[in-house]
Every structure is written in C-alpha cells, then in structure tokens.
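A.B. asks: A single structure is presented below for examination.
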Ligand code: PBG
C-alpha cells in the first residue's frame with residue numbers, strides 16, 4: 001500500500017486524551033442541569049422511591065439539605081413536585097398557601113436566595129384523588145377550560161410562595177396563556193414560564209408515578225399528552241402555540257427516545273430548550289447497572305451528552321447533583 005494512503009484519517013483527532021479533549025464539541029455544564037425533587041407532606045423521614053434507587057420523597061428538612069447540596073455542586077436549578085397528605089377531586093392542596101409545595105418553596109427561597117433557580121411544576125395530578133392532570137367532567141373527561149382556572153390559581157400560589165420559574169406540565173390547551181395572564185395580574189410579570197410544550201404520553205414516566213403518587217386511577221393521559229406515534233408536526237405546533245401565549249422557554253419530554261423532536265424544536269425556536277430525562281430513563285440505567293450489565297457512570301454521561309448534542313440548553317435529570325460534582 002502507498003505511503004500516505006488513505007489521505008483522510010479521522011483517527012488523527014482521536015489519538016490521545018489531550019487531542020480528544022481539545023476537539024470535543026459537546027460539554028455538559030453543571031449550570032445547565034436541573035434537579036427534579038419530591039417533597040411529601042406528613043412524613044418524618046425521607047422515603048426512598050423503590051423504582052428510582054437514589055431518589056427520595058423528601059421531608060422539608062431533607063429537601064433543604066439536598067437542595068443546598070445541589071446548589072453547592074453548581075447545579076443550575078431545581079424543580080419541585082409536592083406530594084400532599086390529602087387529595088380531592090379538584091386538587092385543593094395545590095393552591096393552598098399552606099400546601100406542602102408552597103411551604104417548600106418558601107423555605108428554599110429563604111435558604112438559597114438566588115444560589116440556584118427554584119422552579120415549580122404546575123400541575124394537578126399529584127393533588128387529585130383520581131390522579132388526572134385536571135378537573136373532570138361528570139363523564140370523567142378532563143375538562144380543559146375548568147382546569148385552566150385551577151392552573152392559574154396554582155401558579156399564583158407558587159409565585160407568592162417564592163417560585164422563581166413556573167413550569168406547567170399538564171398539557172391543557174391554552175395553559176401558558178392562562179397562567180401568564182394570572183401571573184401578570186397578580187404582580188408577577190417578571191416570573192418566567194418554562195412550558196412543558198412537547199410532552200408525550202410516555203411509559204417512561206412509570207417510576208415517577210410512584211415518586212409523586214399520581215398514577216391515574218382510571219384510564220391514562222393519552223387524551224391530553226401527545227401520542228408517541230402522532231403527527232410529526234404536532235411537536236412544533238405545540239411549541240409555537242406556547243411561544244405565542246408567552247412561554248419564555250420550552251421543554252421536550254421524555255429526552256432520549258425523542259432526540260429527533262428535540263433537534264427539530266431547537267432548530268425552530270429562539271428561546272432556551274429544555275429536555276427532561278425522565279424517571280424511566282433513570283430507572284433503566286440504575287437497574288441495568290445494579291445487575292452489572294452496563295457501566296453506570298459512562299452511560300449517564302453518554303446519555304446527557306447525547307441530549308445536549310441533540311440541542312438541549314437545559315437538562316432536567318435526577319442525576320444532576322452527582323453529575324455536577326463529576327464534571328470538570
Ligand atoms: C405531571 C408530570 C409527570 C412527570 C413530570 N410532571 C408525570 C406524568 O405526566 O404522568 C414525569 C416525570 C418523570 O417521569 O420523571 N405533573
């Protein structure tokens with residue numbers, strides 16, 4: 001064979017760690033990670049979530065400690081989910097000023113100030129006895145417009161308690177506009193909305209329903225969340241509507257199985273795009289690693305790198321604190 005053949009040798013840029021480091025184009029940074037956290041009312045010790053090893057339902061005290069650790073590690077934000085002691089048909093605890101999430105928001109904002117961005121998930125499924133993300137009609141359907149009034153009230157309660165970003169996740173039509181209007185008239189025009197714009201009816205949410213105790217008691221969420229096989233233009237339409245209604249940033253969820261959608265959204269908009277690496281994505285890695293079947297730490301970094309490469313500016317991940325500590 002001729003000396004000098006082949007001319008193109010991509011391996012030249014892979015020869016050693018120094019050169020690979022220099023040319024690496026995708027570097028997750030702690031500031032772009034967001035840690036989802038669960039706080040439960042009426043427990044005296046944190047409760048491990050069986051299907052999410054390493055994740056707990058927190059008490060107010062353990063939440064403050066874990067949130068402080070995330071801030072210390074340089075994690076950019078956290079997003080809080082409340083698990084109330086009592087549920088009812090309209091999710092009354094969700095906008096109760098003394099509700100668990102509002103208490104948690106107040107304590108964390110007093111503790112942490114602006115050391116980390118404190119966000120709140122705005123939805124009803126953790127608070128309703130039927131486990132759906134909205135108010136039901138007598139026929140048992142989720143009533144879109146009645147639910148919007150609840151979301152508006154919940155968002156204002158969260159804002160009053162100290163939430164710094166409102167993140168509506170219920171997939172009702174018009175939810176961003178309804179929340180924007182309510183926040184503005186309550187004096188919170190400065191608070192951003194991170195819209196869960198593209199949210200699929202995904203089996204990857206399974207473990208979350210243990211963590212947030214919100215499995216629907218009948219039916220499923222496919223009448224409001226997107227069909228994984230749905231029209232390909234649907235994701236972009238949802239994003240466009242949310243931006244028209246005033247969303248400041250948008251989200252795609254889940255992450256790894258929807259990287260194509262994430263890339264389309266990233267290319268289409270001029271606002272930050274978040275991706276949510278959801279409970280099932282976490283659980284699969286932890287379960288395989290516990291069996292010794294994969295290299296846990298490398299799989300975590302590889303999946304986060306892939307999500308970033310596909311276009312995420314922010315990544316919600318249950319590994320946020322651990323990964324932030326590990327990043328250079
Ligand atoms: C709804 C909500 C869900 C998740 C975040 N917000 C559950 C659902 O839609 O069923 C799932 C997150 C995860 O699986 O990690 N409030």
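Just so it is clear, glycine is given a Cβ too, placed from its N, Cα and C backbone atoms.
Keep in mind the model is a prediction, meaning the values are calculated, not measured.
TrEMBL lists these features:
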ACT_SITE  199  active site, schiff-base intermediate with substrate
ACT_SITE  253  active site, schiff-base intermediate with substrate
BINDING   209, 221  5-aminolevulinate 1 binding site
BINDING   238  Mg(2+) binding site
BINDING   279, 318  5-aminolevulinate 2 binding site
A.B. asks: Of these recorded positions, 199, 209, 221, which scores lowest on Cβ atoms within 10 Å?
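C.D. replies: Fewest other Cβ atoms within 10 Å, among the recorded positions 199, 209, 221, is found for 209.
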A.B. asks: To see if you understand the setup: which same-chain residues, six or more apart in sequence, place their Cβ under 8 Å from that of residue 253 (active site, schiff-base intermediate with substrate)?
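C.D. replies: Result: 196, 198, 199, 200, 202, 275, 276, 278.
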A.B. asks: For residue 221 (5-aminolevulinate 1 binding site), which DSSP three-state class applies?
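C.D. replies: DSSP call for residue 221 (5-aminolevulinate 1 binding site): coil, neither helix nor strand.
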A.B. asks: Can you tell me which of 238, 253, 279, 318, our recorded positions, come within under 6 Å of ligand 1 at the Cβ?
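C.D. replies: Among 238, 253, 279, 318, near ligand 1: 279.
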A.B. asks: When the Cα-Cα distance from residue 209 (5-aminolevulinate 1 binding site) is computed for each of the binding-site residues 238, 279, 318, which gives the smallest value?
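C.D. replies: In terms of Cα distance, residue 209 (5-aminolevulinate 1 binding site) lies closest to 279.
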A.B. asks: Taking only the Cα atoms, work out how far residue 279 (5-aminolevulinate 2 binding site) lies from residue 221 (5-aminolevulinate 1 binding site), in Å, as a whole number.
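C.D. replies: Rounded to a whole number, the Cα-Cα distance is 16 Å.
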A.B. asks: What are the sequence-distant neighbours of residue 318 (5-aminolevulinate 2 binding site), meaning same chain, six or more residues apart, C-beta distance under 8 angstroms?
C.D. replies: 35, 36, 52, 54, 55, 277, 279, 282
A.B. asks: In the structure shown, which of the binding-site residues 238, 279 has the fewest other Cβ atoms within 10 Å?
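C.D. replies: Each of the binding-site residues 238, 279 was scored by Cβ atoms within 10 Å; lowest is 238.
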A.B. asks: Write down the Cα-Cα distance for residue 221 (5-aminolevulinate 1 binding site) and residue 238 (Mg(2+) binding site), rounded and given in Å.
C.D. replies: 17
A.B. asks: Where does residue 209 (5-aminolevulinate 1 binding site) sit by DSSP, helix, strand or coil?
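C.D. replies: Helix, per DSSP.
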